[in-house]
Structures are given as structure tokens and as C-alpha cells.
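**Q** Quick one: the structure is below, and I'll ask about it shortly.
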Amino acid sequence: WIMGHMVNKIEQINEFLDLGANSIEVDITFDNLGYAEYTYHGFPCDCKRWCTNQENVKEYLNALSDITTPGNPKFRKEQTLVVFDLKTGGIDANRMYEGGKDFAGKILFDYWKGSENAGRAYIIISVPSIDHYKFMKGFRERFDGSAFKDLLLEKVGWDFSGNDDLDATRTAYQNAGIEALNHIWQSDGITNCIPRGLGRVNKAVSNRDSSDAFINKVYVWTVEKYSSVKDALSADVDGIMTNHPNVINGVLKEDEFKDRFKLATYEDNPWTTFKR
């Protein structure tokens, strides 16, 4: 999966798809009560990127639904997966659970349109700290008893993006009521302004490939330097988040990688584990 990074303006969705992305990451900000407000990253962000692009969350989700609904004139089959990078740090601790429930409602009614026939992209709910596991718990439990619980079970996956200890991350999922290997992506990364080694990535890949795994897939962010892309692919990651999807596509076509990797399509299930 080639994940376009920080795609916070509606018009940027097609821009990143045209560059070769098959998935996008969008930042979501919240007020202190846990209500999602804007697609916004803010300062600091990546080098050579504009940090202040934003949209109203409802308007963005509606536009994203159009782009991922077959039969809609705006439909783009390339858009298979969405990573919602949820800026939960400003939510009051006692409102984290309610924030998760509210955002689930926005996905249900603004993205899925209260229907099983709209917004087909798979979704990763990405939370920046294992201490915010109650957001995931609230999101999940919003669908308890719902006619749309099958959509949750089919379409939604999970990620803690704060580079936390992996054993502690496993415990956080248990606290959130999410079982091991239940659509879990593990991210690792840092801004493109600073180099980062692959030590934790290698540990995550080892967990993914082990008999005691809790991780289904591993992705790195934010990567676009040619040598860093090659290093990430050599580490057998499943996804790369990037500002330059065309660079990733170019490396994938090289002899070293063209028979080891393929660009994911909608028919490729993002919850299925592929081991080395």
C-alpha cells in the first residue's frame, strides 16, 4: 500500500491518486470534548509541505465517500484504503470514549451514508498514543447492536502510531477489546525531516511473522528518499506512507522488488497477513 501523506484538502485526494497512491492518510482534529472538527495537521509537519490545509470533517467525508462509491461520477477505483490519523491529544481524558463513539457516527452517516453501498474503502483508525485506547473502544462499541456492525467487522482496522513499546501496545489493544490479529496495522516512523532507523520496524515485522503475533501488517512513515524506500521494502513492510507516491512506484518496478511486491488493489484484503 502506498499511502499518500497528509491529504487534508479534498482536491489533494485526486492529486495523490494521480501520483500513484492507492491509499491516503488524513489528519482529524478534535475539540476538548472529543468532537471531530477539521482535517488539519498544523505545525510542525513534514519538510517541504504546507502544514495548514484543512476542510470541515463532514464535507471531507462526504467528498471521500463520492470518490470511493462505485457508480458515482467521481469514483476512483485506485482509492482502496484510508488512514484516519486522529489527533486525540487535545481531548479531555474523560471524553476519549465518547469521542470515539462520535467519530464512529460520522463514519457511519457521512462516509457510509447509513448504507452498505457507499464508501467502499477500508479504514484504519490510527491513534497517536496507547493511553488513548478508550477512543478505539468507544468507536467499536458504537456499533454494538447496530445493523451496520458487519461494516465495522469487514472494513475497519486499527493502529497506534506513537512508536510505543510493542508489548505495551498489545496490552492497549486488549484494554480496547480488540483481539490479536483483528485487523491490526503497526506503524513506525517520524517526520521526513529526520532520519530514523528500522530497529522497531524489524521488531514489528518479526511479531507479524511469528506464531505469537498480534500484528497483521506493518507500515512506515514518512518515507520518500530513494535509499530509505529501498531499506523499508527490504525490511518487508506492507505499506509506505509518503509525500511522493511516484518515488515508491518507481522503486517497486526495479528488479530487486518487482517480483516480491505488487501494488495493492481493492481485491487485496488489507487485514490478511503475508509473512516473509
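The backbone N, Cα and C atoms fix where each Cβ goes, and this holds for glycine too.
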**Q** Do you know which of ASP85, ASP92, ASP102 Swiss-Prot groups with GLU25, ASP27 in the Mg(2+) site?
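**A** Mg(2+) site check in Swiss-Prot: besides GLU25, ASP27, the record includes ASP85 out of ASP85, ASP92, ASP102.
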**Q** Can you sort out which of CYS45, CYS47 is the disulfide partner Swiss-Prot gives for CYS193?
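**A** Candidates were CYS45, CYS47; Swiss-Prot matches CYS193 with CYS47.
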**Q** Quick check for the class: what is the C-alpha distance, in angstrom and rounded, between CYS47 (disulfide bond) and HIS5 (active site)?
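**A** Between the alpha carbons of CYS47 (disulfide bond) and HIS5 (active site) there are 12 Å.
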**Q** Near GLU25 (Mg(2+) binding site), which of the recorded positions HIS5, HIS41, CYS45, CYS51, CYS193 can be found within 10 Å, Cα to Cα?
**A** HIS5
**Q** Rounded to an integer, what is the Cα-Cα distance in Å between CYS51 (disulfide bond) and ASP27 (Mg(2+) binding site)?
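**A** Roughly 11 Å, rounded to the nearest whole number.
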